[in-house]
Structures are given as structure tokens and as C-alpha cells.
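Q: Here it is, the structure, as C-alpha cells.
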Amino acid sequence: MDNYFGTDGMRGKVGVEPITADFFLKLGWAVGSVLAKRAKASVIIGKDTRVSGYLFESALEAGFLSAGVDVGLLGPMPTPAVAYLTQTYNASAGVVISASHNNFQDNGVKFFSAKGLKLSSQYQSEIEKKLAETMISVGADKIGKAYRYEQPLGRYIEFCKSTFDRTQSLLGLNIVIDCANGATYHIAQSVFSELGANINIINNTPDGFNINEHCGATDTKYLQQVVLESKADLGIAFDGDGDRLIMIDENGELVDGDELVFIIAKAWQSQGRLVNNTVVGTKMSNLGMHHALRDLDIKFIEADVGDRFVMEKMQKSGSILGGEGSGHIICLNKTTSGDGIISALQVLEVLVKSQSSLAKLKQSMEKYPQILINVKTQARINLKNYTKLQRTQLAVEQTLGDESRVLIRVSGTEPLIRVMVEAKDKIIAQQGAEKLSNIFK
């Protein structure tokens, strides 16, 4: 049986299996057949702004209908919005057609349960078993019905605003927002301006091809430039599907997911709101975050890389706050998934209440230099096959000394080997990362 699900759904090149119309048709049928076992089922489908979204939306819709499942179409919508709307529309599942921060040549799909949570491994296994079967449509009298929702944007915008302390206001704040020409393009400005901020919005004119193109959470150079030139108070960057957040302080410096989680954690602890005094991060979380949380007596729990695994650890530990340096931040007391807009609102609430600036708020956490090198591969590989790797890694670790870390892993979403080296000395960390990455070239 093929294993189609990665750490964040399915993702790949459009037109290359499994990212084809034929496969998405069968995938819709397979997921629908699993859902239909439990009750009369309905799903909602959202997508980001890449041109291939229309193709895969139609294929999934046909697959679900052929399994007897009703389908509600949302149109372009951030991933976290679909998680929220799955619950409010009382759907059996939510579906997002997106390749997140990747460029337009890629696409993929993510699923949410009726509770707005990523599907469990058990659920994914059921779907993959169904995919191995022959696709057989239900009878004509049992085919599902399709419809399009008229006002999903308004519901989500009001929900986002409700997560911000309404005794506070963003009045007087000058904010630059980069929508990555993605799914937040028609939502972000409304949320932040209706809370009082002066908004300068950039990269909010998607054409199907420019999603994540030199913009958004994975490429903040232009945003940093605009923040400085306009003398804005801060910048906010989302990725293509709106589940990541990176911020820029008033000095044009990047503030990543680890720093943002720390800012929220410190504030919530001081307010007695940090449930179980616990934060969940990943193996990639900066050592500076570990130390800063420890100094506040906040427990840090380490999960595997991927927001799905962060969520699992949060649920097991009873934590309400977790995230990744890449910008996936989960505020479980506010929503059920990583949400760029809602996470930004939590940081802004801290900023407004403290009458501080983003540059000052991040000073309490001293980041260690972290060098990440992504090495492209033709296919998924097994690290155990690289006999030289263990010897080289041991030598690098000895050179780095204490207060350092080496992490080498196969990406769960792309054909990449990720080599991360972290140490107090940036030059030594860079040399170590290059030595290790050269093994795979």
C-alpha cells in the first residue's frame, strides 16, 4: 500500500502523481467513502490562489459526490479558515487544496476532521486502504449534492477579530502586511483595519502564478524594505495558505516563529493565562528559546517537526501554545490549527497592552545562530545509507562543543534533506552545516 500522506497532507508537482486530476477524483471518492461509513456526510472545500486549484477542486468535488457526500465550495480561503468553518458549518470534514509556502507549480491537499483538527494517522490509514480499491460510484439516487457558500469570508473575519481583546485597539499602529499573493489577500486588510490599524498591504493581487513568488513568510526582503522606507511600526508576512506568520520589527529585523511564541508565552504567563505553564516546540526550535523559557520556569516540550505533531503534543500535555520557527503558531485557546492572522493578533495584543515595540518585546530571548541548508534530492532517501554521515556528524559536534546542536532530517513535504546546525559561534555553525550538506551533493 502506498503512503501518500506526508507531515502536512499531500504535496507535489502538478501533473506528477499523485498531484493529478485522476488521483484527486479517486481521493475524493476514497475520503468520502470513509466518511460515509459513519453517517450522512458533507464536506467543505477551500483552496489557495494557485491556478491549478480550480482543476483539483472540480476533481475532488466529483469524487466526493460519487461517494454520496454533499460538497460545499468556499472558494479561495486560508487553511485555518477552513478548519474553523468546518466546525461552524457542521461539516463532516474540511478540505484545503494548497501547497502552502511552495510556488505555483506545486499543489496539494490537507484534511480537517469535523472538530477542525488535522486527520489522525488512523484516519489517514483508512483512506489509503480505500485508495487501493477500485472506485465504484454510489447509485444515482444517492449521489451527493454540491453548493457554494455565499458569505464564508464574513464569518471568518468576525471570528478572527473576536480573538483580540476588544477592550484594546490597534488605533495608531502603522502596519505593512504581505499576503504572499495567497489566500489571505481578501481577508487580512479587513481584520486589522477594522480593529483600528493603518494598513499598507502588499502582494495582495494573486493571478494564479505569483503565489509565494519572492514574497510572503518565506521571502521577507521586500517587506523589510517597505517597513523601513515607510517608517511603519511593524510588518506582518503570511504564506500562501495563511497558516504561517513571520513579523518584521520597526528596525526592519525579522522576528521568527520561535520568537513570536516566546513573546506570547511570556505575556500569557504573567497574566496567569498560560495553561499548565507549558509550551510545545519542535526539534528545530532555537536553543535560545529553550533557555529563555527555562529562565521563566516555563516547561518546554519537544515534538517532531510539523504542526500536526506539535498539535498532538499540545493535546497530550494540555498546553494551549505551541509552534515552529517557520511560523506555524497554534493558540489552542483561540483556534484549532496554526493561524497566521490570529497569531499576529495575539502578538499585537501583547504589544498594545505593554505599550512596547516588537523590537523590545523580542529582546528577552537571545537567539542562537542557526544555519539551515536544504539539499535537493531526486526522491525520498534513507539517511542510514550514507555511511560517511555518522562520522562527519560526530566530528562536527566535537568541533561545535557544548551549547550546540546538529539536526539532519528528510523533509516530510518536499524532496529535500534539511541540515541544521546551531551554535553560539555563527561562523563555526556555517562551516559545520556546509561540511554535512556536502555529503548529499
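Numbering starts at 1 and runs along the chain as it is shown here.
Cβ atoms are placed via backbone N, Cα and C, with glycine included.
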Q: With Asp239, Asp241, Asp243 listed by Swiss-Prot as binding Mg(2+), identify the candidate in Ser92, Ser100, Ser404, Ser411 belonging to that site.
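A: Between Ser92, Ser100, Ser404, Ser411, Swiss-Prot records just one in the Mg(2+) site with Asp239, Asp241, Asp243, namely Ser100.
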Q: Determine, from DSSP, whether Asp241 (Mg(2+) binding site) sits in helix, strand or coil.
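A: Reduced to three states, the DSSP call for Asp241 (Mg(2+) binding site) is coil.
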Q: Over all shown protein chains, what is the count of other CB atoms within 10 A of the CB belonging to Asp239 (Mg(2+) binding site)?
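A: Other Cβ atoms found within 10 Å: 33.
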Q: Give me the long-range Cβ neighbours of Ser100 (Mg(2+) binding site): same chain, 6+ apart, Cβ under 8 Å, in sequence order.
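A: Looking at Cβ-Cβ distances below 8 Å from Ser100 (Mg(2+) binding site), excluding near sequence neighbours, one finds Asp8, Arg11, Thr79, Gly108, Asp239, Gly240, Asp241, Asp243, Arg244, Thr413.
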Q: Can you tell which of Asp241, Asp243 has the least company, meaning the fewest other C-beta atoms within 10 angstroms of its C-beta, among these binding-site residues?
A: Asp243
